[in-house]
Amino acid sequence: MQPPSLLLLLLLLLLLCVSVVRPRGLLCGSFPEPCANGGTCLSLSLGQGTCQCAPGFLGETCQFPDPCQNAQLCQNGGSCQALLPAPLGLPSSPSPLTPSFLCTCLPGFTGERCQAKLEDPCPPSFCSKRGRCHIQASGRPQCSCMPGWTGEQCQLRDFCSANPCVNGGVCLATYPQIQCHCPPGFEGHACERDVNECFQDPGPCPKGTSCHNTLGSFQCLCPVGQEGPRCELRAGPCPPRGCSNGGTCQLMPEKDSTFHLCLCPPGFIGPDCEVNPDNCVSHQCQNGGTCQDGLDTYTCLCPETWTGWDCSEDVDECETQGPPHCRNGGTCQNSAGSFHCVCVSGWGGTSCEENLDDCIAATCAPGSTCIDRVGSFSCLCPPGRTGLLCHLEDMCLSQPCHGDAQCSTNPLTGSTLCLCQPGYSGPTCHQDLDECLMAQQGPSPCEHGGSCLNTPGSFNCLCPPGYTGSRCEADHNECLSQPCHPGSTCLDLLATFHCLCPPGLEGQLCEVETNECASAPCLNHADCHDLLNGFQCICLPGFSGTRCEEDIDECRSSPCANGGQCQDQPGAFHCKCLPGFEGPRCQTEVDECLSDPCPVGASCLDLPGAFFCLCPSGFTGQLCEVPLCAPNLCQPKQICKDQKDKANCLCPDGSPGCAPPEDNCTCHHGHCQRSSCVCDVGWTGPECEAELGGCISAPCAHGGTCYPQPSGYNCTCPTGYTGPTCSEEMTACHSGPCLNGGSCNPSPGGYYCTCPPSHTGPQCQTSTDYCVSAPCFNGGTCVNRPGTFSCLCAMGFQGPRCEGKLRPSCADSPCRNRATCQDSPQGPRCLCPTGYTGGSCQTLMDLCAQKPCPRNSHCLQTGPSFHCLCLQGWTGPLCNLPLSSCQKAALSQGIDVSSLCHNGGLCVDSGPSYFCHCPPGFQGSLCQDHVNPCESRPCQNGATCMAQPSGYLCQCAPGYDGQNCSKELDACQSQPCHNHGTCTPKPGGFHCACPPGFVGLRCEGDVDECLDQPCHPTGTAACHSLANAFYCQCLPGHTGQWCEVEIDPCHSQPCFHGGTCEATAGSPLGFICHCPKGFEGPTCSHRAPSCGFHHCHHGGLCLPSPKPGFPPRCACLSGYGGPDCLTPPAPKGCGPPSPCLYNGSCSETTGLGGPGFRCSCPHSSPGPRCQKPGAKGCEGRSGDGACDAGCSGPGGNWDGGDCSLGVPDPWKGCPSHSRCWLLFRDGQCHPQCDSEECLFDGYDCETPPACTPAYDQYCHDHFHNGHCEKGCNTAECGWDGGDCRPEDGDPEWGPSLALLVVLSPPALDQQLFALARVLSLTLRVGLWVRKDRDGRDMVYPYPGARAEEKLGGTRDPTYQERAAPQTQPLGKETDSLSAGFVVVMGVDLSRCGPDHPASRCPWDPGLLLRFLAAMAAVGALEPLLPGPLLAVHPHAGTAPPANQLPWPVLCSPVAGVILLALGALLVLQLIRRRRREHGALWLPPGFTRRPRTQSAPHRRRPPLGEDSIGLKALKPKAEVDEDGVVMCSGPEEGEEVGQAEETGPPSTCQLWSLSGGCGALPQAAMLTPPQESEMEAPDLDTRGPDGVTPLMSAVCCGEVQSGTFQGAWLGCPEPWEPLLDGGACPQAHTVGTGETPLHLAARFSRPTAARRLLEAGANPNQPDRAGRTPLHAAVAADAREVCQLLLRSRQTAVDARTEDGTTPLMLAARLAVEDLVEELIAAQADVGARDKWGKTALHWAAAVNNARAARSLLQAGADKDAQDNREQTPLFLAAREGAVEVAQLLLGLGAARELRDQAGLAPADVAHQRNHWDLLTLLEGAGPPEARHKATPGREAGPFPRARTVSVSVPPHGGGALPRCRTLSAGAGPRGGGACLQARTWSVDLAARGGGAYSHCRSLSGVGAGGGPTPRGRRFSAGMRGPRPNPAIMRGRYGVAAGRGGRVSTDDWPCDWVALGACGSASNIPIPPPCLTPSPERGSPQLDCGPPALQEMPINQGGEGKK
């Protein structure tokens, strides 16, 4: 090669390298300019740039015009969006080379340009046929786009859907381009280029090493002695000097410390940290910034015009401080790196500093002068010329216009133009304009109804009263004349005013001082003295107080002497003296001897208040009137002798005796004479016991003075003593020192007073000052009153304590400077006088600031006015008159002298100046202003002044008259007195005489009658003042006008239910009710607690306490708690709150009762709920029948057995050191606890497989139905409820368990058999509900709750309806029906015990009880059961129980009697032979059982697939598990599915009454219950059981076809037709499942009915209770014809979702329904829809190995790598479930193998865990696997769920269906398995669709005799879901041989009917399930598939079947 050629080649290579390394993007400053169409290039980092396009252009280089520039492009308010062409290299359809546009239309419009009005918000083309449209809540349509499309109307390609980014790049959709976020090591638009790290500067490897580039990374080739990714490790120990620059040396232990590493500080690198790298190598300094290297960083030194860390921020020069950049008003505009000035007109230059000469280009006319101005010019015209350019002739020289008009020249035509003065018109403005005449054709110029008066050049308005102004536009301010009295506020009103008077003044003008004494405020005849704004009361003696209302108690000072009693009187007192005293104060003693009361000869002795006669000898008595020896005083023969003032009767011998026997009376101070006492002097009384005069014996002690009384005496005690005889020492309280109602309390040193709240002080003499605490707010003044206080509020506040803000008004006088106030809704408004402003007119205006004076003067303000100081040469008020004569002034203005002054004014020379003498009505320096005659305010007393042409007119306020309203009229004329007061005129006003009850100047005030306290104090609650009256509100127990009458509160009989009423004064109601037994409450209206101290609400059960002395308790239902069952149910499971105490961790479990929990506890808290042992207070609560969770533990015998079903120690016999109670049922095996004594560790050590999912629901539905289901007769399936027990081996009385459960009757009906099955599965023994001799379930109400119940009653669906009514309604507290039931269950223990060592289960009932007690103790039993289990009683079955149940809750005698009767019934029942023919049929309420006339074989249908749709096509009890494909179906809550029994070949369609014969179908009588009247038309929508209508029954029974329903409907074709024609409702739905007739037509595959229902308006999108639409039901039932009908309906929502989010497409993919997946995709079903677990239809197809559906979904755009909520892909599910075909399909399309789920598992990992070796080989890339399956050794060879072929010798254990089995080796079968659902071949080729036993009683069709072809030429595959035939052994005309021994009995396989009525049988051909027989080799069931002659293909052991 020649050297020039070599040189040329090198040059080409260099150019190529430069082009390769050149960065992508634009380079600003290159040639040519990169930005087109005026775009600006902006530099970015790394030298790249971007174009900022000018308006109207777009694109990367602004190369495209913006189509949205046209504002009319999108019509009707649509928004326009420009769409750029797709970039090159993207996977998109061919796009145009010019941009397009997209119009986003408003709701209601559509079209490419939104030009069409849209009736339907979602037209078919709205989403561009690439998505589905649905309407949002706001009414706007919204599109759900298909994969690969995006945008509001799915019009944009989603370029990221194809994942264009390679090498792990993440695609970011930025339309119309994409952006790939590349991982480290890759770059490029699609991350397609590998970054060569070795070319970087500096390189990644240190000096002295070699760099080798790798894909996405690099590798450093280290010399000897260095190692590490970057050769950073050096051999040898750390050098003594260490590492440079502060680095840390660290030995590498993983290299045996033979290498060391320097850890460098920031800013240094290198093996020894010796290098400071240049950080400026890759700096990002922009815009000319200089990089300055630093330590581990760099700094950008920016030029002056840029700032920021990378000099990328522009400095805004326009905002910098300093002198402005732009002068002369120029505007500064910032730009990138600079600025520029936008100058105003006339200026130029960089900073607008140059003044441009505008006269250079001016065009002024010749002869004119141009004058330059700023930004303009002006032309100075010569005389006679005018115009802007002086180009027009001045037409005004001849003065053609009126003198007051303005003349100008028209700039266009050059003619004269007159601008008229106001009020004139015409060409020359000489014509007067009649404004009032114009008002007749339009609005009047005078407002508010003013009258218009035309004047020359103007008009005047005659205003109505109250208005003023030139146009009556202003409200006249009547307050301008200041009519109100000084100190008051004038309120301006419309045509009047109102004076707001201050306190103390009144009257219309506030001119009258208020007489506060007019209302007679002073009491007790006091004199009132009027004050200003107040009064003073001059009290009479004896009264005090502000109003003399307090009567002074003159008796306080004890003014009465000598024991006189003081009586207080108003203003005085009165002394009631004792006898013997007199005087005003009883101070004078009366001398009773002055009147000589004693007879002559007797001496009078004066005594205090009495006298005493000293009788002479021989006389006695008070007045000495009785002789001592009176006649007949002595007896005969006795002699009367007077001895010492005493008469003695002496016997003849001189001795006193000889008294007769009858004189034996007792005389104290006298002698007995003739049986009566003759008293001594001074004594009296029957026995002379009373001292006459009293004082003779000196009874008064301590020197007291005695005063005799008629009945005794009275002692006047000296100071310090008191009492009747002065014997008591007087205390300090005796004198009553406490005043004002205070109570006196003696004390050792004297006394102390307890004062009432109204007074205080040592003697309660001072009124309490309530104002001390300042209770008034907002500046209010506190006024103290007796016992209370009041607040006088400041201005603007109100309320009892002035706490409320008062809306301001003119009453607050807010206006200042004599302004006028006007009230308005917004508050007061002040009308300010001239010169003032502000809200309150408080601010003096600066009048000179408005420049009222011209430039030739100075303004000087004085107060609210101003005047002008004229400069030399000017004069006038405004200095606008030149200082010249009239002649000169007119000449200077070019007018006549007569026109100098306006309005006819006369110009008068005055010295050097002149002035205008104005005519009347005008003013001003030139007479230019009209004079306002009202300006001087001539009208008085609030009158309104109205200007008139000739003066003014005053409109007077009411009460005034005269020219200026100065004359006052009669003040009473306006009737100012209110409330019928009498008005009397007086000078200056009036006087109102008020009637009683009213006060005030105008009698406007109502007297508060309650001030005098008229109500009775003890019976009054409150006094209410009324208008001139009052009302007393009485306390309970009082009545009357003044509440003075007491009433009997018991008179109205307030006590209910026979309660006794007792009146009490202290109770709140005034009475107390003594209630009878059973009632309580204040009025005995509440029923007493029925359970001890509590009511059992919400169906709770009352249980007696087994512990003596403890009250009964409530056992609550449905999760309620608390002593009364009122506590709402707490969250089940783990809460919150967590049920585990002391930081225990909680895990949830499942069961019938909802989620349960299991606690994992720390060692210090080992209880079931992590409670600590030995809790306080547990001893007292142990054994009380209530489980206390805190006391439950082995230490306290599980709360004395309360928490363990009454068993104190369930683990009795288990070694205590093993702590097995703590390990029981914790999910882990503990060998030390795996024994019978330790209850088998709760079966944790063995986990046999659960019941096959396909059989679990079937076994649930057929549990204990009287038929042996061999596939269900396993421990994991519940032993079939004991149906398979041997007939002959049962004892007469078998083992049993009696359970006490708390369930409501409806719940018991629904959950009874579920309860038995759950316990059977839990205990692993056979359990069933026993029946009595009449075949009824042995279920009895709990005797303790309803003792009156008879044991004959059993479980009854109408239990609640038949309950006996209450004899007395109890309102809301009526207890619900009994929730407690005793359920007796039989137990099959034949497979347990020592005889069966392989079976580990409890072998006696006692062990069962211990096992259940242990589960209850650890909390594992409650969540498994539907309700609480309170007690269990086992019975071994050897003899009937003789005693009552030995548990605490059944301890009453009634319970014992009942249980004895229960035992007798059990014995009689078990003696009889058990019937095996059929199970008991329970019919729902409303159905009646038709009596059987003849026996018939029983038929039922076995399960046919794991989806179990055929078992019960109703709402599933359990939703589809997220990880499985099993969709268990069953009855709805509250729904039972019965089995209709077949009675031979059916001839009728049995409905509600199950009676034969359709009758006359058009009348629809057979479809409705009995009508009330035969004449009434039948109700076509009558509801039957579960809400079933006749239309539903007709759809269920089906359409008439050949071979189907022989004799159905008695020849009546299509039974729904007459119903729909008669108006039957097609939208009705059942109560339980919510299914409509269209649902039933889909479920039973009735295409004719479905079509007819759609025509009748049935809603195809109506969901049932599970959210399923008819399309869901049709897909699930494989009703293809119905599916096609629904898909053809435009109303059908193909993407409707159930409650779990399942769409019909997901259901079809999951159930492998043939062809429906493709049909749904063709109907635009969303292939990317997700359910609530995040799974798509492709996930479900992969999970069930539906390769056909998966292929169709992938072809429709399904995402092959979609991840669900657990981040599992379809490939992951295929690997987990062993779906080889789907996995091959996905791997062939490049599905990601390494995507992991949340647990970090990849598809290969889960395939390895599940032993799917064939899939593992696929995933590891070894190619497609062969048909093989490696069996792993183990117990029974382990499960093989995916064998491809079936061996005849290998049956599934238990029969049933084996989901997805592919290979079964000989002798190795899955336990609990069944028929293979995914096998590619089957033994018998039956009809695929529309026939078989699974098509709901329809006939089989299309089955070729002898195994001929099926309809449509298809061969039925077991992999198909939906209705599929069984491998049945057929006979009859189909030539099918018997299966078991050559014959199949029709009695063996009774038909299982659906819930909605009994349909006719498909035919008389029995369809048995797989024949299951025991295997003699392995003891497991075998699959007997009939003779091989009928098989279409041989089944080879270990190989594929060939067709």
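Heads up, the Cβ atoms here are built off N, Cα and C, so glycines get one too.
Look at Swiss-Prot and you will find Cys105-Cys114 (among others) tagged as disulfide bond. Sequence-distant neighbours of Cys114 (disulfide bond) (same chain, 6+ residues apart, CB-CB distance under 8 A): Cys74, Gln75, Asn76, Gly77, Gly78, Cys103, Cys105, Leu106.
Just so you know, the Cβ of Cys165 (disulfide bond) picks up 23 other Cβ atoms within 10 Å once every protein chain is counted. The disulfide bond annotation in Swiss-Prot covers Cys165-Cys180 (among others), and the record cites similarity to another entry as its basis.
Among the features that Swiss-Prot reports, domain 'EGF-like 5' is placed at 194-232, with the record citing sequence analysis. Counting residues 6+ beyond its ends, the domain 'EGF-like 5' (194-232) has Cβ neighbours under 8 Å at 167, 183-187, 255, 259, 261-262, 269-271, 277-278, 281 in the same chain.
Under 8 Å, Cβ to Cβ, and six or more positions away along its own chain, Cys352 (disulfide bond) finds Cys326, Arg327, Asn328, Gly329, Gly330, Cys341, Cys343, Val344. Sequence annotations record features per position, and here Swiss-Prot assigns disulfide bond to Cys343-Cys352 (among others) based on similarity to another entry.
Residues 381, 383-386, 455-459, 895, 899, 902 of the same chain lie 6 or more positions beyond the ends of the domain 'EGF-like 10' (392-430) yet place their CB under 8 Å from a CB of it. According to Swiss-Prot, the feature domain 'EGF-like 10' maps to 392-430, an assignment based on sequence analysis.
Under the three-state DSSP scheme, Cys429 (disulfide bond) falls in the coil class. Annotation source Swiss-Prot lists disulfide bond at Cys420-Cys429 (among others).
The disulfide bond annotation in Swiss-Prot covers Cys615-Cys624 (among others), and the record cites similarity to another entry as its basis. According to its DSSP assignment, Cys624 (disulfide bond) is coil.
Positions annotated as disulfide bond by Swiss-Prot: Cys717-Cys726 (among others). Within 10 Å of the Cβ of Cys726 (disulfide bond) there are 22 other Cβ atoms, across all protein chains. A coil conformation is recorded for Cys726 (disulfide bond) in the three-state DSSP classification, outside any helix or strand.
Cys793 (disulfide bond) carries neither a helix nor a strand DSSP state and counts as coil. Around Cys793 (disulfide bond), the C-beta neighbours below 8 angstroms that are at least 6 residues distant in the chain are Cys776, Asn778, Gly780, Gly799, Cys802, Leu806. Swiss-Prot lists Cys793-Cys802 (among others) with the feature disulfide bond, giving similarity to another entry as the kind of evidence.
For Cys886-Cys907 (among others), the entry in Swiss-Prot reads disulfide bond, with the evidence type similarity to another entry. Taking a C-beta cut-off of under 8 Å and a sequence gap of six or more, Cys886 (disulfide bond) has these contacts in its own chain: Val897, Leu900, Cys907, Val908, Asp909, Tyr914.
Per Swiss-Prot, disulfide bond is recorded for Cys918-Cys927 (among others). Sequence-distant neighbours of Cys927 (disulfide bond) (same chain, 6+ apart, CB under 8 A from its CB) are Cys901, His902, Asn903, Gly904, Gly905, Cys916, Cys918, Pro919.
Its Cβ taken as reference, Cys954 (disulfide bond) is surrounded by 22 other Cβ atoms within 10 Å in the chains shown. Under the DSSP three-state reduction, Cys954 (disulfide bond) is assigned to strand. Per Swiss-Prot, the feature disulfide bond maps to Cys939-Cys954 (among others); the stated evidence is similarity to another entry.
The disulfide bond annotation in Swiss-Prot covers Cys1034-Cys1043 (among others), and the record cites similarity to another entry as its basis. In the three-state DSSP scheme, Cys1043 (disulfide bond) is classed as coil.
Residues or ranges marked as domain 'EGF-like 28' in Swiss-Prot: 1087-1126.
Cβ contacts within 10 Å of Cys1203 (disulfide bond), excluding its own Cβ and spanning all protein chains shown: 25. The feature disulfide bond is assigned by Swiss-Prot to Cys1187-Cys1203 (among others), with similarity to another entry given as support.
For 1251-1294, the entry in Swiss-Prot reads repeat 'LNR 3'.
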Inter-residue Cα distance where the pair is Cys1203 (disulfide bond) and Cys165 (disulfide bond), in Å: 64
Here the disulfide-bonded residues are Cys105, Cys420, Cys907, Cys1034, Cys1187; the one whose Cβ sees the most other Cβ atoms within 10 Å is Cys105
Kindly state the mean pLDDT of the domain 'EGF-like 5' (194-232) in the predicted structure. 86
DSSP composition of the repeat 'ANK 3' (1700-1732), residue counts helix/strand/coil, works out to 15 helix, 0 strand, 18 coil
Including all protein chains shown, what's the count of other C-beta atoms within 10 A of the C-beta of Cys624 (disulfide bond)? 19
State which of the following disulfide-bonded residues has the fewest other Cβ atoms within 10 Å around its Cβ: Cys615, Cys939. Cys615
Surrounding CB atoms that lie within 10 Å of the CB of Cys180 (disulfide bond), all protein chains: 23
When the Cα of Cys1187 (disulfide bond) is compared with the Cα of each of the disulfide-bonded residues Cys420, Cys717, Cys726, Cys954, which one is closest? Cys726
Indicate whether Cys615 (disulfide bond) is helix, strand or coil by DSSP. coil
DSSP helix/strand/coil residue counts for the repeat 'ANK 2' (1666-1698): 16 helix, 0 strand, 17 coil
Give me the CA-CA distance between Cys1043 (disulfide bond) and Cys180 (disulfide bond), in Å, as a whole number. 94
Specify the secondary structure state of Cys927 (disulfide bond) as given by DSSP, simplified to three classes. coil
Inter-residue C-alpha distance, Cys726 (disulfide bond) and Cys615 (disulfide bond) (nearest angstrom): 31
When you measure from the Cβ of Cys918 (disulfide bond), how many other Cβ atoms are you left with inside 10 Å? 21
